[in-house]
Amino acid sequence: MSNSSSLNEFLLLAFADTQELQLLHFSLFLGIYLAALLGNGLIITAVACDHHLHTPMYFFLLNLSVLDLSFISTTVPKSMANSLWDTRAISYLGCAAQVFLFVFLLGGEYSLLTVMAYDRYVAICKPLHYGTIMGTRACVQMAAAAWASGFLNAVLHTGNTFSIPLCQGNVVYQFFCEIPQILKLSCSDSCLREVGLIVVTACLDFGCFIFIVLSYVQIFTAVLRIPSEQGRHKAFSMCLPHLAVVSLFVSTSFFAYLKPPSISSPAVDLVVAVLYSVVPPTVNPLIYSMRNKELKDALRKVSAGYVGLGMAELEKAVVNISTTLDFIQNATADASQIYKWK
């Protein structure tokens with residue numbers, strides 16, 4: 001019987017037992033993580049640098065990319081390090097920090113997706129009032145509210161979870177510190193307060209989900225009334241990427257936390273956790289850039305700028321090398337002349 005006050009570390013679930021499979025896991029997660037870094041980093045750079053993308057939709061997309069980048073960085077690097085060094089340990093404070101950041105970023109992303117649904121609703125259903133409703137100040141306030149809601153959610157859940165006495169060991173059956181898995185280590189009736197808080201949070205999340213659904217009912221009703229096919233196509237192009245991201249995020253998250261206990265097992269929980277914590281941050285940039293001409297053009301400019309900068313640096317390096325070689329050649333010639341003179 002162990003107590004939470006005496007715990008110094010937790011043991012996370014390993015992806016594999018052999019060193020070869022652990023290295024394979026490290027390689028796969030490294031590729032996924034680099035893809036997420038590249039995709040979200042390009043979107044952040046493109047939106048920040050291209051003044052054509054300084055609109056409410058792309059402002060929220062920039063915030064989403066920052067959240068995605070932070071979200072995947074909370075869990076994947078630690079899992080890769082554990083596989084590389086053949087360990088399962090995470091410190092008590094490290095686990096608490098991981099839970100806090102995970103809940104903070106997860107809640108912030110869900111709130112931001114709700115705000116983005118409202119942005120699409122105003123753009124399609126109230127286009128004449130869009131500039132007034134979605135002004136700069138309003139956008140900043142809504143984005144700040146999304147981040148603040150995630151922060152408040154994380155403070156409540158993390159404080160509650162780690163104030164519960166743990167007496168069922170220190171093995172967490174997940175590749176990162178997840179609240180439901182930590183609650184399984186608690187004493188019999190001590191986790192009821194956190195379970196109640198989870199139920200309240202789930203109800204609020206369900207309210208956000210209903211808001212998103214009702215927004216898209218209004219959006220599709222308005223789009224189908226647009227007389228021109230080109231107008232309908234443009235409207236759908238604006239909304240479908242966000243709808244795809246919401247569907248991926250909600251379906252994987254809801255299945256992770258609402259799946260029947262009969263199909264729950266460490267292996268299934270592991271796969272589901274990867275689906276909702278690793279896949280969305282990686283594919284979101286691809287979804288948003290797939291049918292978005294403005295974003296594609298901005299990404300091309302950013303990529304061309306990096307290539308051009310790289311070529312300029314390469315040319316400078318070649319010039320410096322040539323200058324150095326000329327200097328060495330002249331010095332050698334002078335030395336030869338001096339030697340002959342002597």
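Note: Cβ is positioned from N, Cα and C throughout, glycine not excepted.
Nobody curates TrEMBL annotations by hand; they come from automatic prediction.
Keep in mind that what you see is a predicted model, and the values were worked out from it rather than measured.
Here TrEMBL flags 21-45 (among others) as transmembrane segment. Residues of the same chain lying 6 or more positions beyond the ends of the transmembrane segment (21-45) and with a Cβ under 8 Å from any Cβ of it are 14-15, 61-62, 65-66, 68-69, 72-73, 76-77, 79-80, 83-84, 86, 278, 281-282, 284-286, 288-289, 295, 299, 302-303.
Look at TrEMBL and you will find 39-288 tagged as domain 'G-protein coupled receptors family 1 profile'. Per-residue pLDDT, averaged along the domain 'G-protein coupled receptors family 1 profile' (39-288), amounts to 87 for this model.
Feature annotation from TrEMBL assigns transmembrane segment to 57-77 (among others).
The annotation transmembrane segment is assigned in TrEMBL to 89-108 (among others). Tertiary neighbourhood of the transmembrane segment (89-108): same-chain residues 7-12, 67, 70-71, 74-75, 78, 82, 146-147, 149-151, 153-155, 157-158, 161-162, 172, 176-179, 182, 201, 253, 277, selected by CB-CB distance under 8 Å and a gap of 6+ residues from either end.
The transmembrane segment feature in TrEMBL is assigned to 195-223 (among others).
As annotated by TrEMBL, transmembrane segment applies to 235-258 (among others).
With a threshold of 8 Å between CB atoms, the same-chain residues lying at least 6 positions outside the transmembrane segment (270-290) that come near it are 13, 15, 29, 32, 35-36, 39-40, 42-43, 61, 64-65, 68-69, 71-72, 75-76, 102, 174-176, 178, 241, 244-245, 248-249, 252-253, 255-256, 259, 296, 299. Taken from TrEMBL, the feature transmembrane segment covers 270-290 (among others).
Among residues of the same chain six or more beyond the transmembrane segment (235-258), those with a C-beta under 8 A of the stretch's C-beta atoms are 57, 64, 106, 109-110, 113, 116-117, 120, 123-124, 180, 202, 209, 212, 216, 219, 222-223, 226, 269, 272-273, 275-276, 279-280, 283-284, 287-288, 290-292.
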